[in-house]
Amino acid sequence: MDASSSSAPDLADAYDIPWVEKYRPTRVADVGGNSDAVARLQDIARDGNMPNLILSGPPGTGKTTSILSLAHELLGPSYREAVLELNASDDRGLDVVRNKIKMFAQKKVTLQPGRHKIVILDEADSMTSGAQQALRRTMEIYSNTTRFALACNTSSKIIEPIQSRCAIVRFSRLSDQEILGRLMIVVAAEKVPYVPEGLEAIIFTADGDMRQALNNLQATVSGFRFVNQENVFKVCDQPHPLHVKNMVKNVLDGKFDEACSALKQLYDLGYSPTDIITTLFRVIKNYDMAEYLKLELLKETGFAHMRICDGVGSFLQLSGLLAKFALVRETAKAS
C-alpha cells in the first residue's frame with residue numbers, strides 16, 4: 001500500500017484523544033495477546049466472584065486495560081461509584097491507605113448479589129513498604145465487601161503477606177504478530193497512509209509494548225502524515241537498525257575501521273550509548289549468523305551494557321565492544 005492509495009487523516013479530529021485511550025478495549029475478550037491470562041480473567045467475569053488479584057508483567061502488555069475491562073463487565077452501570085482507581089500519579093502513602101482506601105471500603109454501595117467494590121492500584125510496586133503493610137490489614141478487614149487489584153511490573157516488590165492473599169496473573173511481552181494485528185485495526189480506522197516497512201519499524205521500536213507502538217504510530221502520523229521506516233525512526237529518536245546492522249556486518253567482514261567510523265557517526269548524532277547498545281542487541285538477536293557466534297556476541301553485548309549502566313566511559317566501552325566482536329570473529333575463524 002502506498003501513500004496515494006489512502007487519504008491522509010483529518011488532523012482536526014484525529015488528535016483530540018490519544019489513540020491509546022481511543023482504542024483501549026472495553027471487554028476482557030478484546031485484550032490482545034496473553035491468551036492464558038485473558039482466559040483466566042474471562043472465567044472470573046463469567047463466574048462473577050472476583051478474588052484479590054496481582055497482575056504482573058512488563059509495561060504496555062494490557063494489565064491495566066484488562067482489570068478496567070473486568071471491572072466494567074462485573075459492575076456494569078455501578079462502575080463509577082463502586083471502583084476506586086489510584087495510579088502512580090496519585091499519592092499512595094500511608095495516609096491514603098488509612099484514609100481514602102479505608103473510607104471507600106467502608107462506603108455502602110448497592111450491587112448485584114455476589115459482586116464487590118473494587119480498588120485498582122496501578123504500579124503497586126512503587127508503594128512504600130509501610131503503605132503495603134497498612135493495605136494488607138485493610139484487605140483483611142474489608143474482604144467481605146471489597147476486592148483489590150494490583151498492577152505491577154515485578155510481583156517480587158509486593159510484600160509476601162499481600163501476595164499470599166491474591167491470585168497472581170502474569171503478563172508477558174506481546175509478539176510482533178499481536179502488535180501488528182492491533183496496528184492494522186487502528187491504521188484502517190484512522191485511514192493512515194503507510195508502507196509495510198513503516199509498521200515493521202514501529203513494531204521494532206515498541207519491543208513488545210502495545211502502548212509504545214500506538215504512541216509511536218500516532219506521533220509519526222502527527223509529524224509526517226505518512227508512516228515509513230525513516231519517519232518512524234526520526235520520531236522515536238532511535239538509531240536506525242540498518243546502520244547498526246551494517247556496523248555489525250563490517251566487524252564480521254573484517255572491516256573494523258569502517259565499523260568504528262559508523263559507531264562514531266551514531267554517537268555524534270547524539271544517540272545515547274544505552275540507545276545504541278539496546279538497538280545493537282535487538283539487531284544481533286535477529287542477525288543471520290552461526291549460533292556460536294551469536295551467543296558470544298550477545299554475551300559481550302550484555303557485559304558492555306552492564307558497564308555502560310554503571311556510567312563507565314561510554315564511547316570507550318562501545319568501541320571496546322566492537323573490538324571484542326572482532327576478536328570473537330577471529331577466534332571462530334581459527335577454530
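Each residue, glycine too, has its Cβ placed from N, Cα and C.
Record features, source Swiss-Prot:
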type    : residues                                               : note
BINDING : SER56, GLY57, PRO58, PRO59, GLY60, THR61, GLY62, LYS63 : ATP binding site
Checklist outcome for this item: Around the recorded ATP site (SER56, GLY57, PRO58, PRO59, GLY60, THR61, GLY62, LYS63), other residues with Cβ within 8 Å of the Cβ centre, ordered by sequence, are LEU55, ALA151, ASN153, PHE171, ARG173, ASP209
Checklist entry - With every protein chain in view, how many other Cβ atoms are within 10 Å of the Cβ of GLY60 (ATP binding site)? => result 23
Checklist entry - Among SER56, THR61, all listed as binding-site residues, which has the most CB atoms within 10 Å of its CB? => result THR61
Next on the checklist: Can you tell me whether DSSP puts SER56 (ATP binding site) in helix, strand or coil?
Outcome noted: strand
Checklist outcome for this item: Filtered by Cβ under 8 Å and at least 6 apart in sequence, the residues in the chain of PRO59 (ATP binding site) near it are ASN153, ASP209, ARG211, GLN212
Checklist outcome for this item: Listed in sequence order, the residues of the same chain lying six or more positions from GLY57 (ATP binding site) whose CB sits under 8 Å from its CB are ASN34, LYS63, ASN153, ARG170, PHE171, SER172, ARG173
